[in-house]
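Here is the structure we will look at.
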Amino acid sequence: MINVLIYGIGGKMGANVISAINDTDGVQVVCGVDKFAPETVKVPVYESAQNVQKKVDVLIDFSRPDALNDILAFAEKSGCALVLATTGYSAEQQAKIDAMSAKVPVFRASNFSLGINLLIDLAKKAASVLGLSYDVEIVEAHHNMKVDAPSGTAVTIAEEVAAQYEGGKQFVYGRHETNKRRDVHEMGIHSIRGGTIVGKHDVMFIGKDEVITISHEAQSRMVFAVGAVRAAKFVAGKPAGKYTMSMMLSN
């Protein structure tokens, strides 16, 4: 049985991860970390990972970037694997995550949906076939409570698609300050925030007289929770290192 700690257990994603684990064989929630947790949470909840008294095999994080130091300190002390689903890390924080992957297995993704990872594969294929004769624009939309923009998923899509072009692409975030003709090497990334949109990403390949749009919309947060639990099962017991969705899906 794989013992899981949910960091951010009191939030919406925490509740979804609990539900996903309850529907998954071989995995159980043993505790969580959060400042507050509803009475529906039936496992011990600690304010800091440093206070955890349970044996933990995998920590699943759906919290905020400012929790990273607490998470990494616990991983180093316990040796547990990490499944990091939080986005918006600074360059310094990303360096800390990379350093920790030399000590414990670290599974990191900006989006744990199977569908969004298929979108990335399709967009990479489109970029390699269409080349520079098609302009590329990415539009992402999320709920009005999301803090970071553009989304971590949009950045991941942009980086993966840009890698298909010799010399890469220059990312342009919005165009309100751009008063010039579009350069062929640009890739526009645009953000929309409003209502309760779970997550929507469109990758547009715009050519002469036609537009190809590859689109994905998450209709429930459960798709991310199910993917994170699947990642926890995949990474448990693995040697130290970096693990990704593409590695899991190709396994």
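Cβ atoms are placed via backbone N, Cα and C, with glycine included.
Confidence annotation: the domain 'Dihydrodipicolinate reductase N-terminal' (2-112) carries a mean pLDDT of 96 in the model. Residues or ranges marked as domain 'Dihydrodipicolinate reductase N-terminal' in TrEMBL: 2-112.
What TrEMBL records for G8, I9, G10, G11, K12, M13, D34, A85, T86, T87, A109, S110, N111, F112 is NAD(+) binding site. Taking Cβ-Cβ distances under 8 Å and a sequence separation of 6 or more, the neighbours of G10 (NAD(+) binding site) in its chain are G32, D34, K35, F36, A37, P38, V41, V45.
Taken from TrEMBL, the feature NADP(+) binding site applies to K35. Around K35 (NADP(+) binding site), taking its Cβ as the centre, 10 other Cβ atoms fall within 10 Å, counting all chains.
Look at TrEMBL and you will find 115-249 tagged as domain 'Dihydrodipicolinate reductase C-terminal'.
Here TrEMBL flags H142 as active site, proton donor/acceptor. Taking Cβ-Cβ distances under 8 Å and a sequence separation of 6 or more, the neighbours of H142 (active site, proton donor/acceptor) in its chain are S151, S191, I192, R193, I197, V198, G199, K200.
Residues or ranges marked as (S)-2,3,4,5-tetrahydrodipicolinate binding site in TrEMBL: H143, G152, T153. The Cβ of T153 ((S)-2,3,4,5-tetrahydrodipicolinate binding site) lies under 8 Å from the Cβ of T87, S110, N111, I116, E140, G199, H201, each of these being in the same chain and 6 or more residues away along the sequence.
Note on K146 (active site, proton donor): other Cβ atoms within 10 Å of its Cβ, all shown chains, come to 17. According to DSSP, K146 (active site, proton donor) sits in a coil region rather than a helix or strand. The active site, proton donor feature in TrEMBL is assigned to K146.
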Quiz prompt | G8 (NAD(+) binding site) to K146 (active site, proton donor) - Cα separation in whole Å | solution = 15
Quiz prompt | Rounded to the nearest Å - Cα separation of K146 (active site, proton donor) and G152 ((S)-2,3,4,5-tetrahydrodipicolinate binding site) | solution = 11
